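Asker: Sending over a structure as structure tokens; questions will come in a sec.
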Amino acid sequence: MSIQIFNTLKREKEPFKPLKDGEVKMYVCGPTVYNYIHIGNARPIIVFDTVRRYFTYRGYDVKFVSNFTDVDDKLIRAANELKLTVPEVADRFIGAYFDDVDQLNVAKATVNPRVTENMDEIIQLISTLIEKGYAYESAGDVYFRTKKFKDYGKLSGQELSELQHGARVEYNERKQDELDFTLWKAAKPGEIFWESPFGNGRPGWHIECSALAKKYLGDTIDIHAGGQDLVFPHHEDEIAQSEAATGKTFANYWMHNAFLNIDGEKMSKSLGNFITLHDVLKDNDPNVIRFFMLSVHYRKPITLNDAILEDAKNGLERLMIAYQNIDHRIQTDDGEYVEEAHEDEWLEQLTELKQAFEDDMDDDFNTANAITTFHELAKRANIYLAKETVSINVLREFLSMMRLFAEVLGLKLENTQTDSLDDSEVEALIEERLQARNERNFARADEIRDILKEKNIILEDTAQGTRFRRG
């Protein structure tokens, strides 16, 4: 089965066919860095990082570009409020962005271009649109002639006639038509600006991504992605600008994730439920946040609340415990294995589970189903561990497959909690407990068992000695 992608442009799933065999060119719209990103912004970051990981797993060389908008009205306001320059504000929150997403185990992009470091390419693209008659200057601003681009609306499914009197169109007397949108903004007194053939100013939001995608990935890219709120007008305008300038298809596949809601309501400052990722990470394990984000298919809305996060924590812990128990058994019982009679049957089951996981991910990156398959793998691992005799080959294959699934999903299976006990600490307590029992100090022996139980360490006294497992 080939990878199937739901293409917003076609409104259906399509088999993925790259522009170049073995290569994926992918652009994801990045944040405007005037503050910490909100928790909703984390969803596309995690989702499309996972998409990238799966392409890599399938053998593709992925060129992944995600930008920083480091100059716009919000940054200018933030700079005034913080009594900093615009570059200082951008530097502060780009640093904060990396601090936060690194905790979520998000892989580094091939490049994270900043708008302010690519102004020549932006100005050149605007100049090309003017030369081709798709843009015009007006009182220091530059606007795109929307009606001249005949395919406008093809991504969002909107007709120009419907947009003519739409609520999202803002009247501006400098425009030749109310549907035209800004490519270049004339500088206001005291604001940061760049020199250009059209006068001092700065770029509009939409032209930035068109110019950056073209510079780093070429005229046509494989996949353009972002949140569903970007379909219109941002991505619609990107298509118009890029295809008007080059005469080529801008992106073959468009992917959009659905919203994250807080207790069933869309997050917004007006509702008072606006939460930054930075604040969420203060009180929650980033590994759990990532697991939570992937527990629902990316095109379905996802709700965040304490109960759902607790469910995610419990689900992730089941995977971690199974992994750690297998790893511990391999590390400590290497001399006790026998050739298990049904080894081939178990290895065949593992092969089937790997195929099921790939089928889940091939189906428009269905991480929700992939996690269900992951849990089935953990369940069978626990069943196998309970057998009297086991095969080292099967145990190692279980461990390898759990690592593989975790790598694709970007999850960490090792226990990273600071209050947990590593294997050597557990072994030391078991030895102390044995000594206490030999000395008939049963109160201390029971106390040690209770300490371990609080850490989810289960002791099993056998004829060969005391074993432990995490449960």
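Any Cβ shown, glycine's included, is placed from N, Cα and C.
According to Swiss-Prot, the Zn(2+) binding site annotation covers Cys29, Cys209, His234, Glu238. Annotation comment: Swiss-Prot describes 31-41 as motif ''HIGH' region'. Marked as motif ''KMSKS' region' by Swiss-Prot: 266-270. Sequence annotations record features per position, and here Swiss-Prot assigns ATP binding site to Lys269 based on sequence analysis.
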Asker: Given the Zn(2+) site residues Cys29, Cys209, His234, Glu238, which other residues of that chain have a Cβ within 8 Å of the mean position of their Cβ atoms, reported in sequence order?
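Answerer: The answer, listed by sequence position, is Trp205, His206, Glu208, Ser210, His224, Gly226, Leu230, His235, Asp237.
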Asker: Go through Cys29, Cys209, the listed binding-site residues, and name the one with the sparsest Cβ surroundings, counting other Cβ atoms within 10 Å.
Answerer: Cys29
Asker: Among all protein chains shown, how many Cβ atoms are found within 10 Å of the Cβ of His234 (Zn(2+) binding site), not counting that one?
Answerer: 16
Asker: Within the motif ''HIGH' region' (31-41), how many residues are helix, strand or coil going by DSSP?
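Answerer: Output for the motif ''HIGH' region' (31-41) reads 3 helix, 2 strand, 6 coil.
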Asker: Across all the protein chains here, work out how many other Cβ atoms are within 10 Å of the Cβ of Glu238 (Zn(2+) binding site).
Answerer: 27
Asker: What mean pLDDT does the predicted model reach across the motif ''HIGH' region' (31-41)?
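Answerer: Average per-residue pLDDT within the motif ''HIGH' region' (31-41): 95.
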Asker: Under a three-state reduction of DSSP output, how is Cys209 (Zn(2+) binding site) classified: helix, strand, or coil?
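Answerer: Helix, per DSSP.
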